[in-house]
Amino acid sequence: MDSQPTLPVPISYISGRYLLFSIDAVTYLRREHNICGVLIGTLPQIPQQNVFLGLPLELMPEEARVLVDRDVACIVDEAKAHDGMKSLLEEDRRQYLRELESQGLHASRILSDRKDQQREQALKKLGEKVKAKAAKAADNASASSAQKDESSSVVDIFDDGSNSASRSANMTPESKLAMAITPATSYPPLPQPTSSSRILSKPEVPLSYPLFAHLHSQGYFLSPGLRFGCQYVAYPGDPLRFHSHFLVVSAEWDQNIDLMDIINGGRLGTGVKKGFLLGGPEKTREDVDSEAERVESVRAFSIEWAGM
Amino acid sequence: MADADEEAIRATTTEAPQIETDLSDETQDFRLLNHLNFLSDTSSASLPRRGEKDFEPNPTEFQADVLSASRGAMHNALAHPRIHHPKTQVVGIYAPDGPTPPPQAMVDEKGLGVSSDYCVCVPVPKGQYFKTIGQADRWNRVWLLPEEAMYLMERGSLDIKWPRELSGIDADDVNEPLIPMSLQAAYACLLGRSGLTLERYTVFTGLRRLGYAVVRASGWDDNAQAEDSKNEINKHAYTEPQQRGPGLAGIIGRCFAWLDDPFGTSSTAAGPIVGCGIHRNYTDVYRKLATIPWYDPAKAETRDPLDTDAPFRVIFHVYKPSTPIKKSAWPTPDFRIAVVNAREQTSIPTLAQIGALLESTPLDPPRGEKMDRLMYMRLRHGYRNVVLAVVDQGVTSFLRISDAAFGKEKLYENKGPPTGPKRGGNFRPKKR
Amino acid sequence: MSAIRSEQPCPEPSALSKLIEAADASGNPFSATTLQTLHNLQHQHLWTSLQIHDISTALEASETPSKSPITSSPDDTTLTLISGIPPHRVYTHPDEQLYMLEQGLREDDLKPERLFVIPTAQGQAWSLRRIAAVFDAMSDVQADETAGDGNTAKAEQLVKYYERREKARKTTEWGGKRVLLAMVDKGMGGEGTVVYYVVQEGEVKPRQN
């Protein structure tokens, strides 16, 4: 789990969005760089729900930018990179297929071992229970008919179990067949995208980027905020474990702010025990050469209902 | 106790990667599968827990341990592989140039009968999903749209292969095994095809995961225009307050109205709004007070769905799991959905945009015993409705917009007790 | 219409209207919003020792001439603060609250403190620049701490508390500079309600009660 991917982590740029497909990259960026993103994929083990989602992870352009600015990640034109499939060498292709097959065999083996193990355990438990029951029945001379029914049903289950055991014993040669695998990423067979032709420039970011980067540098974890009626939601720690502290809205220094928006934000936040954080950079994009300078000039204000 | 044991046995006899019926079974499946997790360590096997969160980090080891455990569980859940048992494996082949005939087949002028938007071919379609997904060609192969193929792959139900020509295999080398596409490859190749944005895909999968059938609507193509667009204001929908309705009944009605009220609103300019007549009941007074025209959504003209501007146009038709579906003739959808990217469309839609969007949906007046009885339900249901799916960087909010007809609910004509969940002043007679 | 209206007796002007009119007549430069907020603090919330501070210069100083949005509304060029002493503490930082709990102190044990208020009206144009100017100006406006009545029973804890607070003020761990934002409901149909929000500089974690 504490794996460290090779840096910089490649972020896939696909159809205008920033995505991560490598579980190690996702775990690492979350652990070391407070970047959570949003999981948007289906978990194959529980595909019929929206509570827990899986890879890929969608990153906000702001998140991708922060990582690129820290030299932790680079942006890869993934469609272009996949053109490389065409020029895959026969040798590499075969090698990759062999690897997949051995993984697939491994999966089959684990699955069937697991089945055997679980079945054995279940049978053992049942056997013990039947034994205990038989002893109990022997002790208790007046065995009720209800008890008889129960023990007979247990025997039925036992039969079922042995049936399935013999079934899977028949299947043994088949279950030795390799499972087919859909890998999460294309590296391998593709070589790591190091050539500069596939590496794209820094992500374009919205005007709210300086406030995002400022809060991120203060250790906050940030998520998209629309569902809370703001731009970002700021968490004091990993959102897996902590409630958010702020509903964040960014503005430019001379941008007109409707006072009613401040009141609305303050009210909205206080209602859910969060602060409303309004802030932005003192410098405009015309003032400076880099976003970094704007990030330096951020000032933010926390707003809560006064309760009077 | 016996139940738990039974379940353990049943779990061992089920083929692992498929069959998810009810939620408790799924958890069972998950635990079983998590142990199969050969790509990562196999120690812990629970989903990251939600709900019990702390206010802020503190330097306790306990907190660090819990966080680390949560992250570990998450890692394990995400590392779960997509595997296909040889017996149940469904293979699809990516077709970068759209549908093509099978190698030996001849194509006549009828063509394939499958739109060029389809880009993954399933030569041997099996499984329940194809009831609501994909389109068959004349050779009984099923073609999938990019979102359908990606969704099936994500849930571990489809093994998509690279076509020979894209993975460096000679076209005549028919015995060479095909390389599986990775999830990353599927996104890289399929996203962005035929108007599929990540936001649209996110909405599609989110609904599919919950069991809805989702198909593209005519408005899918942003650039598709209506044949003859009519953008003039829908004047018919604004109802004059005194109007009694057309035809004979209307004329007679107006006659009676005059008899009733010889000094009617014609004298409003000089005198009080309700006129100088004698008023015997409140209904007459209220009727005369209704001087402001109101909008009647039932009378609004229906608009061509293509006569709307993206993103405020219907791009998905959605069907509840209970709706019987025939792919050859899709029934009337249960929901119509427009997808909005919150980063591109940062303001709420204008009245004109919402109006056009609603007019492009068919009339769906409140009907049924419950609707007849409950006014607030009628108002909420409205006469036309549409769902906006607003996606902010992967997080979707669904908003239902309906065209309520307040003008149709004349409270003063309501003879009975007030309807709806009103607390004070409710003189509803108790039934005995 | 006017003929009809003149027949009816005009209602007696409210105390607030009189206050604003009187201030107007005397050439008092403070806006009606400031006076209305002052009035509200004094009579609805029972604040004492109320003062008005003109900090217009702070705003001018923050604006470079080229960017200054010249507007005709007097509310945009004048910037006033009100300060006063509330009868009860308006805001306590969560960590401060925890410390007080540990020390066995209650809010009533502390001496009352002067708090600053920005009077605003609905519809006024504000910006981050303006808010920042208020915060920057606040260091110039020195608050006179009124001497407390000296709770002898807890004198020791109080000394400790004030020392701790002085430290917290420097590190801003109990929150940064703070001010109350008062907004008068003056919009269409506005009935003069004044709402108050605590604004603090920086990221200050929310209160949990």
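Here the Cβ of each residue, glycine as well, is placed from N, Cα and C on the backbone.
DSSP assigns A:Tyr235 (active site) to a strand in the three-state reduction. The feature active site is assigned by TrEMBL to A:Tyr235 (among others).
According to TrEMBL, the active site annotation covers A:His243 (among others). Look at A:His243 (active site): DSSP puts it in coil. Cβ neighbours of A:His243 (active site) (same chain, under 8 Å, six or more residues apart in sequence): A:Tyr235, A:Lys273.
Annotated active site per TrEMBL: A:Lys274 (among others), in sequence order. Annotation note: A:Lys274 (active site) sits in a coil segment as assigned by DSSP. Taking Cβ-Cβ distances under 8 Å and a sequence gap of 6 or more within the same chain, the neighbours of A:Lys274 (active site) are A:Phe228, A:Ser244, A:His245, A:Phe246, A:Leu247.
If you look up TrEMBL, you'll see A:135-146 marked as compositional bias 'Low complexity'.
What TrEMBL lists as compositional bias 'Polar residues' is A:161-173.
Counted with DSSP, the domain 'TSEN34 N-terminal' (A:9-78) comes out as 21 helix, 25 strand, 24 coil. What TrEMBL records for A:9-78 is domain 'TSEN34 N-terminal'.
Confidence for the domain 'tRNA intron endonuclease catalytic' (A:208-282), expressed as mean pLDDT, is 94. The domain 'tRNA intron endonuclease catalytic' feature in TrEMBL is assigned to A:208-282.
Here TrEMBL flags A:134-173 as region 'Disordered'.
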In terms of Cβ proximity below 8 Å, which active-site residues out of A:Tyr235, A:His243, A:Lys274 neighbour chain C?
A:Lys274
Against chain B, with Cβ pairs under 8 Å, which of the active-site residues A:Tyr235, A:His243, A:Lys274 show up? Give them in sequence order, please.
A:His243
